[in-house]
Every structure is written in C-alpha cells, then in structure tokens.
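K.L.:
Below: one structure in structure tokens.
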Amino acid sequence: MGEKPGTRVFKKSSPNCKLTVYLGKRDFVDHLDKVDPVDGVVLVDPDYLKDRKVFVTLTCAFRYGREDLDVLGLSFRKDLFIATYQAFPPVPNPPRPPTRLQDRLLRKLGQHAHPFFFTIPQNLPCSVTLQPGPEDTGKACGVDFEIRAFCAKSLEEKSHKRNSVRLVIRKVQFAPEKPGPQPSAETTRHFLMSDRSLHLEASLDKELYYHGEPLNVNVHVTNNSTKTVKKIKVSVRQYADICLFSTAQYKCPVAQLEQDDQVSPSSTFCKVYTITPLLSDNREKRGLALDGKLKHEDTNLASSTIVKEGANKEVLGILVSYRVKVKLVVSRGGDVSVELPFVLMHPKPHDHIPLPRPQSAAPETDVPVDTNLIEFDTNYATDDDIVFEDFARLRLKGMKDDDYDDQLC
C-alpha cells in the first residue's frame with residue numbers, strides 16, 4: 001500500500017539564495033463570485049535583511065508589444081493592477097490571521113518566515129498569452145500575473161534581480177457546472193429573380209467542450225432553389241477582443257474542414273461533420289490566443305472567457321470566444337453561412353487531482369521534468385506531509401533559460 005501523497009508547496013529562491021518564496025499553488029481560480037486568495041510565505045536570511053523591510057508585490061500586466069522594442073523609456077506594457085504587502089516588519093494594523101497552509105509553513109520554516117496575502121479583484125482578466133512568431137524574442141504578449149519579493153528600506157528603493165524573487169502565477173477559469181443550451185442557427189437565402197429559396201440549418205450536440213474534444217456539427221440543407229451547392233465548409237474560429245486603450249476584435253481560424261458534398265436543386269441534405277480545434281495544428285499562427293503559461297511549459301488554445309452577468313463590460317485585457325462557421329459554396333455566387341457560438345474550457349478538477357495534461361503537450365520522453373522534490377523532517381505530526389517543490393518548469397530540449405532571475409538555487 002503506497003504512502004499518502006504530501007501537500008505540494010512550490011518554492012523559489014533569489015539568485016543569491018537569501019530570499020525564498022513559498023506558494024501552495026500556481027493556478028488561482030476565478031469562480032465568478034470570488035477569486036482564490038494568494039497566500040504564501042517568504043523566508044529571509046536575517047543576516048542579509050539587517051535593517052531593511054521585506055516587501056511582496058502582485059502585478060497584473062498587459063504586454064502588447066515586443067520586449068526588444070522597449071527603448072527610450074517607452075514600454076509596450078500596461079499595468080492593470082498592482083498591490084503591495086509589507087511582510088516584515090508587520091504593519092501596525094491588525095494582522096490578518098494566517099491560513100492553514102501558512103500556519104503549517106510558519107511552524108516548519110521557523111521565525112524568519114513571514115506570511116503575505118493578496119486578494120485578486122474579480123474584474124481582472126484571466127492569464128492569456130498571444131502566440132509569438134518564429135522570429136519573435138523576449139516575453140510574449142498577453143496578460144500575466146507576477147509575484148515579486150524583495151528586501152529594501154522603502155518601496156522607492158530600486159531592487160536588483162539578484163536579490164529578488166519573481167514568479168509567474170495564473171488566474172484561470174474552469175468549465176461551469178451547468179452548461180448553456182444546445183447551440184443552433186438557421187438562415188434562408190432568396191436569390192434574385194427567383195421566389196425559390198435555399199435553407200441552411202446547423203447545430204452542435206452541446207454548448208460546452210473540453211480542450212481536445214471533437215465537435216459534432218449537424219448540417220441540414222433544404223435546397224428549393226435552382227442553384228447547386230458545390231461545397232460545404234466547416235471551420236472553428238477564435239475571436240479575441242483586445243480591450244486596452246480601445247477595443248478591437250481579432251479572429252483566427254483554428255480548425256477547417258472542406259467537403260465536396262453537393263446538394264442539387266430541389267433536394268435535401270443532412271450530415272454530421274466532426275472537427276477538432278487543436279493547438280498542434282496552429283503552431284505557426286502569430287497572435288493566436290493561448291492559455292497563460294509558465295515559461296517552457298506547453299499549453300493549449302485559450303479557454304473561453306466567462307464574464308459574470310452585470311460585470312463591467314470595460315474590463316481591460318483579452319476576452320476569448322469561439323464560434324463554428326458553416327458555409328455553403330453555391331454555384332454562380334451567393335454563398336450561405338451561419339455561426340454557432342460554443343464554450344471551450346478545461347473541466348473543473350477535483351480536489352487533490354492535478355489539471356489534466358494539455359492535449360498538445362509533447363511526449364514525456366521529449367520533456368524531462370525537473371521537479372527536485374525535497375521533504376523535510378518535522379516534530380509536528382500535522383506537517384509531515386508537506387513536500388517542497390522548486391518553482392520549476394518543463395525544460396524543452398534544445399532550449400535554455402535566458403533570464404538570469406529565473407535560475408534556481
């Protein structure tokens with residue numbers, strides 16, 4: 001009988017190993033009515049701290065331009081949210097009681113460990129990365145959340161990468177428990193100089209799909225016209241609403257299917273088409289919205305964004321949606337089409353069950369995982385199941401970490 005798995009805690013140290021941040025998770029779920037709180041612990045070397053303070057910041061930023069173009073003080077980045085927490089010495093206000101995880105970490109790490117706590121506002125966007133082009137370098141565009149811990153006499157004092165800890169977390173959403181109604185759409189096209197029509201009806205078998213799941217598109221055509229339907233095209237399109245200084249919408253096909261199914265005049269046609277949107281088929285498309293990712297980890301197409309009813313429509317960031325388009329290619333022009341909106345997301349994981357591996361992830365033989373698990377002895381029986389794991393990433397062969405501040409001790 002195997003041992004009970006321990007509580008996994010992520011840790012990351014500054015390059016000089018004087019400061020270490022501990023977090024219970026890297027993904028924080030937006031439940032629409034609330035967002036998981038960010039609770040962690042920072043451990044500092046007292047000889048290094050001296051008379052300085054320990055600060056922790058949480059930043060949500062939208063990078064909308066290449067990092068190598070940040071010149072002359074002009075940055076293609078907008079901070080959507082910044083919060084600061086003074087972990088040590090504690091502020092005079094009544095301290096917030098530590099969470100259960102923080103309490104266990106404080107007992108295990110000792111007197112030089114200090115808790116910090118953040119509440120993520122509900123109106124902030126989820127983590128989304130825009131897929132870079134083959135020649136793009138530096139940080140990818142998109143929305144990300146970053147925690148930074150450092151020692152300084154004041155917030156205005158400039159901190160250096162060597163003595164600070166920076167780690168990226170994600171704000172995510174999971175599929176709702178109750179999906180919406182089955183999507184369906186229909187249209188009738190009347191042609192010039194004719195009273196006979198072409199009717200198209202399409203539907204999906206459900207509204208909610210998980211990443212990697214095929215979509216079944218039911219197409220029904222009633223052709224009472226004198227024209228012939230030469231082809232039927234089915235495509236899945238991703239729509240990304242970029243809300244920053246102004247709102248712009250970008251669409252990108254992520255799956256396409258074309259069949260030479262003909263529908264003659266005065267006849268009917270019915271068929272179910274199966275199509276699957278996958279990131280693996282869209283690796284070269286620059287600007288495609290992907291789920292926010294930690295560096296050198298694989299990911300998937302961006303999940304649909306769910307906005308709470310009555311929420312502020314002017315939320316800054318990237319709002320993602322999907323539609324299936326069914327198009328009839330008609331002889332002598334006059335094509336007919338309909339669109340079916342649907343939701344593409346990850347299922348809500350059960351407690352203590354990790355998020356399923358992305359469908360587009362590389363084989364395990366190609367992506368060695370450096371978890372560097374460390375388990376410490378303790379006198380507290382309730383703390384025996386804590387397992388510390390470096391805030392590591394999946395290393396891809398042939399790639400190296402070019403950010404000095406991402407090196408782990």
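Glycine is no exception: its Cβ is also placed from the backbone N, Cα and C atoms.
What Swiss-Prot records for TYR48 is phosphotyrosine. The hydroxyproline annotation in Swiss-Prot covers PRO176, PRO181 and is backed by experimental evidence. Annotation source Swiss-Prot lists phosphoserine at SER360, citing similarity to another entry. For THR382, the entry in Swiss-Prot reads phosphothreonine, with the evidence type experimental evidence. Among the features that Swiss-Prot reports, region 'Interaction with TRAF6' is placed at 240-409. Per Swiss-Prot, region 'Interaction with AP2B1' is recorded for 363-409. Annotation comment: Swiss-Prot describes 385-395 as motif '[DE]-X(1,2)-F-X-X-[FL]-X-X-X-R motif'.
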K.L.:
If I restrict to non-local contacts, at least six residues apart, and a C-beta distance under 8 angstroms, what lies near PRO176 (hydroxyproline) in its own chain?
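P.N.:
Set apart from PRO176 (hydroxyproline) by at least 6 residues yet with Cβ under 8 Å, we have LEU208, ILE306, VAL343.
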K.L.:
Near the Cβ of the residue listed as 'phosphotyrosine', how many other Cβ atoms are there if near means within 10 Å?
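P.N.:
Its Cβ has 14 other Cβ atoms within 10 Å.
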K.L.:
Expressed to the nearest Å, what is the distance separating PRO181 (hydroxyproline) and the residue listed as 'phosphotyrosine' at their Cα atoms?
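P.N.:
That comes out at 59 Å between the alpha carbons.
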K.L.:
Inside 10 Å of the Cβ of PRO181 (hydroxyproline), count up the other Cβ atoms and send me the figure.
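P.N.:
PRO181 (hydroxyproline) is surrounded by 7 other Cβ atoms within 10 Å.
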K.L.:
Let me know the DSSP-derived helix, strand or coil state of TYR48 (phosphotyrosine), please.
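P.N.:
In the DSSP reduction, TYR48 (phosphotyrosine) maps to helix.
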K.L.:
Would you mind pulling the DSSP three-state label for PRO181 (hydroxyproline)?
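P.N.:
PRO181 (hydroxyproline) sits in coil per DSSP, no helix or strand.
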